[in-house]
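These notes concern the structure reproduced below.
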């Protein structure tokens, strides 16, 4: 109240009016004073309710009409329900439909409605996201007992399914997948969204090696979940959970970074972290009490180990962000450049006599070729004097630029080779022809050396051993290449199977387009016209006449001959009649004109279907004629050979002979 009276007192400013100038000594009237107090209070806006800003306009996506879709075959099962293949009947786009039961698994109606509302709010949040490494959400459709979540369809399988089929991934594949995973996670974090359930089962891979983060079953906006101590809910899988998530002490984006490290260990070992030592409940207690990270495999490179140690920091604030991890040497592949530098220093020392270099090779028989592409074969010495570091800098393997790289580049992997580092390096080195002369000299030296070895009979066995060591790649290289080729073959096979599943949906979509086309609508206006069309095509007489009777009057054959079908026999009821009659001819011309105006996909589809039917009819007719011709040829050959009639006739005559001998009295 004191503030109220103080504001009123400060707002009261009495100014003399023109009448007051004439009557300076007269006090103001009580009514005038009350009016001034009222106006001052009104101007001070004390009793006015605060005006809230109008709510933001609804998103245009939400105002869009519901998607008309049709369910296909079952393609998987998720944490909340089953996943089916579907098709958008308006655009023909393939969908992945996740069906969540909303009636049978809940104790009360309130919990059911709360769960439905949570999922619908989640989809509304995620519909606005668009990134090459993120699964796109399209909307929700509620039914009586299910809630259908419409998602982008990704051909292929998840990382966990690939691990079950092929085993652990080589480090090159892990690097490629990790980079794309970080790109998608960086996009989510920039939009204030935590995934909170990153694992191999929630990462989808298409047949081109492009991965997409999926199953945002536990994601929320941080602004909606955060409290004074951070988010307080625990969702996810225990093996991939960060310690602060298990302890429920509040977590942020750094919990996703911990899950990224656990996913990398999963791809390297083929197993979930901690799964070999503890069950799920025991893993929760162990991670929550010790706060230690999963064991790191010893087979990894130093850069990969350093990457995992940074992701699996015990203190959440010490973990780097997704943007910082994208600049790590393991993700960028800088260890390849360092190895190439060592290779260049070795190749630049070829000024020493070549036999000494070969003696060094023979003295270390256990040395194997690194995956960078060491040039053990003499035939590859043509490129030995080119600087590998410069060539790799000119054409970076991972398509990384100074601005952080383009996210779309990671999806443009070669169709024929899953990872083509060696091919790119060789092609780049081959383009540098300014040192070709010196390279040819070294090649001549290698040929001379080979002839020298051929002259000495005692060195034949050593030469064959050395060539086997240099020509054949190491076991690790063969194993990695075999695994990569198996993964690509599996993804291609998966895409082919899914293409077979989508064929019935496409056929139904095209049939629906043909059904609602203008030409079919015109043909459905009159049933008599369809009957006349059928009689005209089959050359049948009218219903009122018998086929054996002649025409009673007029010439009905005139109308029959004038009838022509614009489609092949297999095109159904969409045929047009051109009967030589005045009124009918005018109406048919109008119909044909309107049909001619129809352009687009429907006409093309009808033409393709009619052509296919016509070709099938021609092929069937040719096959029948070919069978008849072959039968005639066979009979002629048998008659020329003296075999007489056909085998069927001989069988019948043989039966007659048996019956005659069986009954000699007849």
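Using N, Cα and C of the backbone, Cβ positions are placed for all residues, glycine too.
A simple way to gauge crowding: the CB of residue 197 (active site, proton acceptor) has 22 other CB atoms within 10 angstroms, across all the protein chains here. Among the features that Swiss-Prot reports, active site, proton acceptor is placed at 197, with the record citing sequence analysis.
In the three-state DSSP reading, residue 83 (ATP binding site) counts as strand. Annotation comment: Swiss-Prot describes 75, 76, 77, 78, 79, 80, 81, 82, 83, 98 as ATP binding site.
Under the heading coiled coil, Swiss-Prot lists 101-131 (among others), citing sequence analysis as support.
The average pLDDT computed over the coiled coil (620-643) stands at 80. Under the heading coiled coil, Swiss-Prot lists 620-643 (among others).
Per Swiss-Prot, compositional bias 'Polar residues' is recorded for 560-569.
Marked as ubiquitin cross-link by Swiss-Prot on the basis of similarity to another entry: 109 (among others).
The ubiquitin cross-link annotation in Swiss-Prot covers 111 (among others). Counting Cβ atoms from all protein chains shown, residue 111 (ubiquitin cross-link) has 11 others lying within 10 Å of its own Cβ. Secondary structure at residue 111 (ubiquitin cross-link), as computed by DSSP, is helix.
Residues or ranges marked as domain 'Protein kinase' by Swiss-Prot on the basis of sequence analysis: 69-331.
Feature annotation from Swiss-Prot assigns region 'Disordered' to 452-481 (among others).
Annotation comment: Swiss-Prot describes 536-592 (among others) as region 'Disordered'.
As annotated by Swiss-Prot, region 'Disordered' applies to 635-666 (among others).
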Show which residues of the chain containing residue 81 (ATP binding site), separated from it by at least 6 in sequence, have their CB under 8 Å from its CB. 98, 99, 100, 101, 146
For residue 111 (ubiquitin cross-link) and residue 83 (ATP binding site), what Cα-Cα distance in Å is obtained after rounding to a whole number? 23
As a whole number of Å, the Cα atom of residue 77 (ATP binding site) is distant from the Cα atom of residue 197 (active site, proton acceptor) by 16
What is the interatomic distance between the Cα atoms of residue 83 (ATP binding site) and residue 197 (active site, proton acceptor), given in whole Å? 18
Hey, how far is residue 75 (ATP binding site) from residue 197 (active site, proton acceptor), Cα to Cα, in Å? 21
